[in-house]
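Let me begin by presenting the structure, written as structure tokens, before commenting on it.
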Amino acid sequence: MGLPEPGPLRLLALLLLLLLLLLLQLQHLAAAAADPLLGGQGPAKDCEKDQFQCRNERCIPSVWRCDEDDDCLDHSDEDDCPKKTCADSDFTCDNGHCIHERWKCDGEEECPDGSDESEATCTKQVCPAEKLSCGPTSHKCVPASWRCDGEKDCEGGADEAGCATLCAPHEFQCGNRSCLAAVFVCDGDDDCGDGSDERGCADPACGPREFRCGGDGGGACIPERWVCDRQFDCEDRSDEAAELCGRPGPGATSAPAACATASQFACRSGECVHLGWRCDGDRDCKDKSDEADCPLGTCRGDEFQCGDGTCVLAIKHCNQEQDCPDGSDEAGCLQGLNECLHNNGGCSHICTDLKIGFECTCPAGFQLLDQKTCGDIDECKDPDACSQICVNYKGYFKCECYPGYEMDLLTKNCKAAAGKSPSLIFTNRHEVRRIDLVKRNYSRLIPMLKNVVALDVEVATNRIYWCDLSYRKIYSAYMDKASDPKEQEVLIDEQLHSPEGLAVDWVHKHIYWTDSGNKTISVATVDGGRRRTLFSRNLSEPRAIAVDPLRGFMYWSDWGDQAKIEKSGLNGVDRQTLVSDNIEWPNGITLDLLSQRLYWVDSKLHQLSSIDFSGGNRKTLISSTDFLSHPFGIAVFEDKVFWTDLENEAIFSANRLNGLEISILAENLNNPHDIVIFHELKQPRAPDACELSVQPNGGCEYLCLPAPQISSHSPKYTCACPDTMWLGPDMKRCYRAPQSTSTTTLASTMTRTVPATTRAPGTTVHRSTYQNHSTETPSLTAAVPSSVSVPRAPSISPSTLSPATSNHSQHYANEDSKMGSTVTAAVIGIIVPIVVIALLCMSGYLIWRNWKRKNTKSMNFDNPVYRKTTEEEDEDELHIGRTAQIGHVYPAAISSFDRPLWAEPCLGETREPEDPAPALKELFVLPGEPRSQLHQLPKNPLSELPVVKSKRVALSLEDDGLP
């Protein structure tokens, strides 16, 4: 017989396969049509969303559309342009162009015809009441707050003319016209800078509980409790003298034992530096003792060794400049061929001859396109092209300022035009001082401190926060009352070792600090009432810290053996490293929220550098051993960057865009460390997501921490618990940790996933994973209600879990990597293929079963006996089934037998008797009869079959075989 017909499922599978092949072919044809290399002509050229497409398919910036210039070269950009009508806030040029009103008479021609700077236009300008006129010849206006601020903002200096420096009654006027607080007069320090505050001073009289440094030599007065405390407080170190303290030698800080580890070198001046910096050619100790008695070494592979043994960069060898002190780097240098003499070296603009070869360069505003040809560039691609905002126009660009700032018409820098005068606050070890950056007033905020290093401010509440390393405490006070010890509030006084960095989140009312002794980063409310450790792993020497509450991130520096600068969310998630190369000792960091850049100083490399908030676009602004001998703190405001220097004992400032205009603000200081700017524009207002929630504190029982705003779907905040408690299943309440019988060290990272929960309105956390940051698990007593199930990883016993760091409600939990996402991806990668394979197997089985059924044939024939003896009109058929194995062979008939015929399966085959007579195979069983009752098939089965009571009789030797 022929092959069996395919079933519906088989046909369906074939159709699906054909459809898949058809789709693949269509996709290939579409790709070929779009790719000219495959024979297609390709689609029409598409322009960017901020571009206009000309009829000739050229793309131009959209701002060039209808600007009365044929930029498309087919005039299509000027077709169908409506007649311009300038807004009331714009200035209408004589040729019909519209520009901003503030651009009129600003010294730059924005109108194509120059009508915005014409004499006829500018003579009509009248300065508003809040502005100051620069005089009848300039026709310019500047904010009235810029009057007598020490900077000439008008061309002729009219804003500074007739300014007489008048100090307040409680201030001292220095010889250089600056004002100084009276307490700084005759204090032994040259605070004026010209020595006028220390002239004609008598020896100061010390109080009853004070110690005079230098004995009767007229030294400074210090509190008696500072004497013999193993820290030098007097410049002559007389407070730690051996005869006074009853121990040999000076204080412990001058002995090598003062260094924390054996990997540090003790300078003779008392400080400790990395042992690897000993004899490295760079003087790191104040007294340069780390480079004393060093053998003459060899230079690195990228350096050239001068005749006197010093090392300079190899690229400075034969550069026609004397870099070695003895000039040996230029000895024996030969001048090669000057390629620029022939056809300008092929350069379109500037050709520079080098020692080997030449180099093509471009003038300002151009860039190299093919190493030789210069083309115009978009100046606004440079983030430092403008002070704040850069707007690119055809052939030029325009700088603008953010609200609250105005542009200086001379320097083109944005200056604060709102609020009070900005002031600079810094620590001077035993004091916190303040300098008015406009009036140059110099005052003392907090006197008689022991060893203050870190500080920060909260402008809205006029509060100041600081850390004292000697007392190991964090304090706070109102700035106008901070000089009174009774008004100084202790916020944190427990579990502090070396708090060296401090930052205030002025939006969410939190303080963050680093502790190099505990190697932790922690957070607490501004009153110190609720506290939590965010990071306790992978920290070596954390120092400076800064926060960006507008975007929910914090940044910190680590000057350990593997120095780096890192960032994470303010709730401790999404930790990542920004800088790890070419960095040695990053002491201070600061943020410019407007330009979204991070600045830091490196005391080892003597550099001041910056990056954007993502770690890119790195720039080194200043590299100097003179101005950056040992920088520590750094701050930025407007277009200036400020930093303190321990070795120079001074405060410097420079232009934050190019590193130029370096100047000294204060000098003759005593160990100046941290530095901050106090001004309302430094801390812009923003909504507190935790307080905007319907529930107080965002519904969190303990801490409500802002989450990093990575995307529009990021949660606004997450809840956190104390170090010794768990976050409950609702992601808001806190519970005590399970009981632990012994202290267990958690060697590996533990990640825990919590099911989705509904948060406060507007915040839904779909999946929260967080990691155990702690390295030790304290022994705690379980205090969880019996009805509450504390979630934990099922494969880890309670003794291996640390509640101190497993109670965050957040999206990712691995503080070192996004392990939760990795595990989820791995699980999906395993499950999905298994499901696909299972579906394919099931489909194959169904197709096979359908084919099997269809391949089992039935033979139908009429029963004439039944038809003759009944009145049924239905056709009666007898079905004798067979299988493919049996074929068309019928069993033979037998006349007699002792036992029934058995079909014995063996390995899938049917065994027959050893002597199968043909008659034995012609047997069948009628329905309803026992299988032992066999009937012999007659010679004419269609006429001699017995009559049965069913319409159809079906025998299948495969399905209903003999027993």
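Note: Cβ is positioned from N, Cα and C throughout, glycine not excepted.
Feature annotation from Swiss-Prot assigns compositional bias 'Polar residues' to 765-777, 800-812. According to Swiss-Prot, the disulfide bond annotation covers CYS47-CYS59, CYS86-CYS98, CYS148-CYS163, CYS174-CYS192, CYS186-CYS201, CYS213-CYS234, CYS259-CYS272, CYS279-CYS294, CYS306-CYS324, CYS362-CYS374, CYS386-CYS399, CYS401-CYS414 (among others). The annotation domain 'LDL-receptor class A 2' is assigned in Swiss-Prot to 85-123 on the grounds of sequence analysis. Positions annotated as domain 'LDL-receptor class A 3' by Swiss-Prot: 126-164. According to Swiss-Prot, the feature domain 'LDL-receptor class A 4' maps to 166-202. Taken from Swiss-Prot, the feature domain 'EGF-like 2' covers 376-415. Annotation comment: Swiss-Prot describes 754-815 as region 'Disordered'. Annotated repeat 'LDL-receptor class B 5' per Swiss-Prot: 640-681, in sequence order. According to Swiss-Prot, the transmembrane segment annotation covers 827-847.
Overlay of Swiss-Prot annotations on the structure.
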residue	record	DSSP class
CYS47	disulfide bond	coil
CYS59	disulfide bond	strand
CYS148	disulfide bond	coil
CYS163	disulfide bond	coil
CYS186	disulfide bond	coil
CYS192	disulfide bond	coil
CYS201	disulfide bond	coil
CYS259	disulfide bond	coil
CYS279	disulfide bond	coil
CYS386	disulfide bond	coil
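The number of other CB atoms found within 10 A of the CB of CYS272 (disulfide bond), across every protein chain shown, is 17. Long-range contacts of the domain 'LDL-receptor class A 3' (126-164) within the same chain: residues 105-107, 406, 408-410, 415, 417, 421, 438-440, each at least 6 residues beyond the stretch ends and with a Cβ under 8 Å from a Cβ of the stretch.
For the repeat 'LDL-receptor class B 5' (640-681), the list of distant contacts is 189-191, 193, 286, 384, 387, 404-405, 416, 418-420, 422-430, 434-435, 442, 452-457, 459-460, 502, 588, 590, 592, 599, 601, 608, 610, 621-622, 627-634: same-chain residues at least six beyond its ends, Cβ to Cβ under 8 Å. Across the fold, the C-alpha of CYS213 (disulfide bond) and the C-alpha of CYS186 (disulfide bond) stand 15 Å from each other.
Less than 8 angstroms from the CB of CYS192 (disulfide bond) sit CYS174, GLY175, ASN176, SER178, LEU180, each of them six or more residues away in the same chain. Secondary structure by DSSP for the repeat 'LDL-receptor class B 5' (640-681): 2 helix, 21 strand, 19 coil. Here CYS414 (disulfide bond) is positioned 43 angstrom away from CYS234 (disulfide bond), judged by their C-alpha atoms. Among the disulfide-bonded residues listed here, namely CYS47, CYS59, CYS98, CYS259, CYS386, CYS259 has its C-alpha nearest to that of CYS324 (disulfide bond).
Here the Cα atom of CYS186 (disulfide bond) is found 33 Å from that of CYS272 (disulfide bond). Around the Cβ of CYS163 (disulfide bond), the same chain contributes ARG147, CYS148, each under 8 angstroms and 6 or more positions distant in sequence. In this structure the C-alpha atoms belonging to CYS201 (disulfide bond) and CYS272 (disulfide bond) are separated by 37 Å. Separation of the C-alpha atoms of CYS47 (disulfide bond) and CYS374 (disulfide bond): 24 Å, rounded to the nearest whole number.
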